Amino acid sequence: MPAPVPALLCLALALASAQPSPPPPPPFPVVATNYGKLRGVRAALPGDVLGPVTQFLGVPYAAPPTGERRFQPPEPPSSWAGVRDATRFAPVCPQHLDERALLRDCLPAWFAANLDAIAAYVQDQSEDCLYLNLYVPGGANGKKMADDVTGNDHGDDQDSRDPGVGGAAAAAARKPVMVYIHGGSYMEGTANIVDGSVLASYGDVIVVTVNYRLGVLGFLSTGDQAAKGNYGLLDQIQALRWVEENAGAFGGDPDRVTVFGSGAGASCVSLLTLSHYSEGLFQKAIIQSGTALSSWAVNYQPARYARALGERVGCATPDPGSPPGSPPGWDSASLVSCLRGKAAGELARARVTPATYHVAFGPTVDGDVIPDDPQILMEQGEFLNYDIMLGVNQGEGARFVDGLGGGHDGGYGGYGGGYGGGVEDDEVQDGGPDGAAGGVSAGEFDLAVSGFINDLYGRPEGRGDALRETVKFMYTDWADRDSPEARRKTLVALFTDHQWVAPAVATADLHARYGSPTYFYAFYHRCHGGGGGGGGVDGVAGGVAGGVGGEEARPAWADAAHGDEVPYVFGVHMAGPGDVFGCNFSRNDVMLSAVVMTYWTNFAKTGDPNQPVAQDTRFVHTRPNRFEEVAWAKYDPRGQLYLHIGLRPRVRDHYRAAKVAFWLELVPHLHGLAADPGAYLSAAATRAAPSGDPDRDPGGGGGGRRRPRPATRRPAVMTSSSMASGSGMTSSSGSGMTSSSGSSASAVLIETRRDYSTELSVTIAVGASLLFLNVLAFAALYYKKDKRRHETHRRPPPPRPPQAPPSAAAADRNPRPDPGPAGRRGGECGAVVTAMAAEASAGGLGHDGVGGVGVGGVIGGVAGLRLACPPDYALTLRRSPDDVPRAGAGPGTMTLIPGALGGGGGGAVHGFNTFGSGVGVAGVAGVATSQAGPGLPHGHSTTRV
């Protein structure tokens, strides 16, 4: 008898439960790399949406750059025996968070606003700092179910690349790798600040954050072989080599590597796409708020700042070959040797302040890592092999305006006290709409614009004033020109457009010109919540500690400032309380962060931010978000489509097109560079710092020039006279590389450019003369046409045939009443007119086709005859323009109606018609013509005669 079905089910369940379940993954997994084994730590993330992540922290990717390796390219790391602990962060690269030395305008808003919190991450500094951090997703609790390919940590610690461990399944499950380059104006910052766990778990990607050499140690250059510079960029390239070699050990795909960064990190990413050293190391790039075309992206005067550094730290070594009594030269090799002997902290603390909108120590055009000017490389298509996604934030330039206006001392950033830490205005604290009392005054506006133009374009005679006035005109809100708040808003737009938007659009145009996949975004959201912790959102931590100062004091005018997209990219809103990003995030913030992470990781997977994972944030809201209905279109130079990222997303086109065209097209022409587009600029170019003391305070005067498109282009070129001045730095090998020295010879000579003021004056004079002659000719033509019209359309009809006088009988049958004296005078006038008409007809004046007497023609035909009676005003009223018959006498006859002048009717009889709507043509062969055009003399003219 068969067993009952319930009994069989119970037996099966018992057998299944008797089998041993797989052991839970260990809390400290071990992975074998090419250089040795690493022990990481498995971290659980809050909420039901995020799965666990394995972190490998402080992993060396290069040998320590100490001793003789200082100011040298990085070398691969040495192997180690045993298992290396990778559960703690490694020391950060030397830097100095001095408020006076920070380039705050180019720092992320959250960085500058929370220096006290940032300082905690950079306390442990060492020149041995070339380490990276890995965040590897794993576990079945993640939103995107991910296989734990790091499960090679049992028993013998086998390598996951071994076919015996996972085999083809492990190879098929390899995850994309996203390598993050942190920002900080090349002088400060660390990858340890940003936690990649949430991004890795939510997007199912491996996230790598990289520390690289900063400031003097990372970017010192003498302009010759003694110190070529770009060591920080070479560190990043070495990190990418390490990822290529070892990504498989962590389950990553070395053929799907995406490099992304924000601010100075974005500029580094942009430069990496142009360097042949990084070919094959990554396939996609995400450039957030910064490109290689910005004025602060590349340093074109490295030797000048190297010399200034030597003077600061006591390494000003005279050239032994210089004759006695001559200005001391500079031996670059001796300078570098001296700097190698200095402590790293001393070099980091040395204050060498760059010119405004420039950097003292940053990437340089060395002919090797960066072989040429970035714009030239882009125009040559050096970066077309990469898929690129790039964009800007709405209010990138807010920090440039920070501190302007009454009631401020440091603005929303406070220059060291959190958002609003320095704000004293009651309206801001009370949540007023303006954010600061008084906004920006007219004087402050003029000074800000003048300083901006002077620092970037110099003070060329004549053209500088015209350029300043043009910029003021373009960035004046003429609908509210007297409003201080409007001035502040337009100033933010000015700095944003010039420093971020125009370079980004120029980069996108150059990349998409030949069809390379390009996506552009504009980020329009910032946190509006108050400081302090908060509750969770459906299993996702929704509160982040208020940090320093708190977001509640951040004024409304700040918009989405520089760096505000970073916490949304890394999912800080889901990670729980923190101390760097000071805001209590709302449900909308959590939703938008999920959206941004989906876009970023989709792009890393496929090169298309729309796939393979669809937008879905129902874990935050019960209803779908608006991004589910938006398809992010590719960018192309013609359509210029971009995604507006905010709570109301939409795909739009031509982001700030008018202002971008102003900076990329008009400003270079206004500055007089269009006549010589191939000429290299002087050392005072916009990409190069203005001449003068490199340690002057930012905002001081300086000269500068730029070439067209995108307005910050070319490196310095020195004239023979400046090379022979003997006041610059020369290498020991006699390379002849020259830098300025002293006030008398501090500036590299500017190439002589032709003055076009005389030609312009002559052109204007000739044009005015031709215009006057045209006006005279037109007036004469009009007079002749008017006279001809009167002569043609006032001609009398032919005389009527003679009629027999009425008989006396008929007269008796129809007696006429006596008209009286007036009537008799009218009759007399009629007789006179009849006689005049007959005489005119005999003179050949003809018929006017209207059927009435042409008074003008009569008077013209018998000009010598004067009427002996008063005029008949009834006739005048009948022959008013409104009563002129409109039908022609026959085919082909055209009647010109004087009443149509200035009214309706046909088109103008001349291209520069002075009438309101042209001379009206009633009709030709019975067909009415179209209405006249507008009243201006020409469609593109404002001249009235």
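Note: Cβ is positioned from N, Cα and C throughout, glycine not excepted.
Quick caveat, the model's predicted, so the values are computed rather than measured.
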From CYS10, CYS129, partner that Swiss-Prot gives for the disulfide involving CYS93: CYS129
Cysteine from CYS338, CYS583 that Swiss-Prot links to CYS527 by a disulfide bond: CYS583
Cα proximity to CYS583 (disulfide bond), best match among disulfide-bonded residues CYS93, CYS129, CYS338: CYS93
By Cα-Cα distance, the member of disulfide-bonded residues CYS315, CYS338, CYS527 nearest CYS129 (disulfide bond): CYS338
Of CYS93, CYS129, CYS315, CYS527 (the disulfide-bonded residues), the residue whose Cβ has the fewest other Cβ atoms within 10 Å: CYS315
For the disulfide-bonded residues CYS338, CYS583, the one whose C-beta sees the most other C-beta atoms within 10 angstroms: CYS583
Cα distance (Å, whole number) from CYS93 (disulfide bond) to CYS315 (disulfide bond): 22
PLDDT averaged over the residues of the topological domain 'Cytoplasmic' (783-945): 46
Cα distance (Å, whole number) from CYS93 (disulfide bond) to CYS338 (disulfide bond): 20
Cα-to-Cα gap, CYS93 (disulfide bond) vs CYS527 (disulfide bond), nearest whole Å: 31
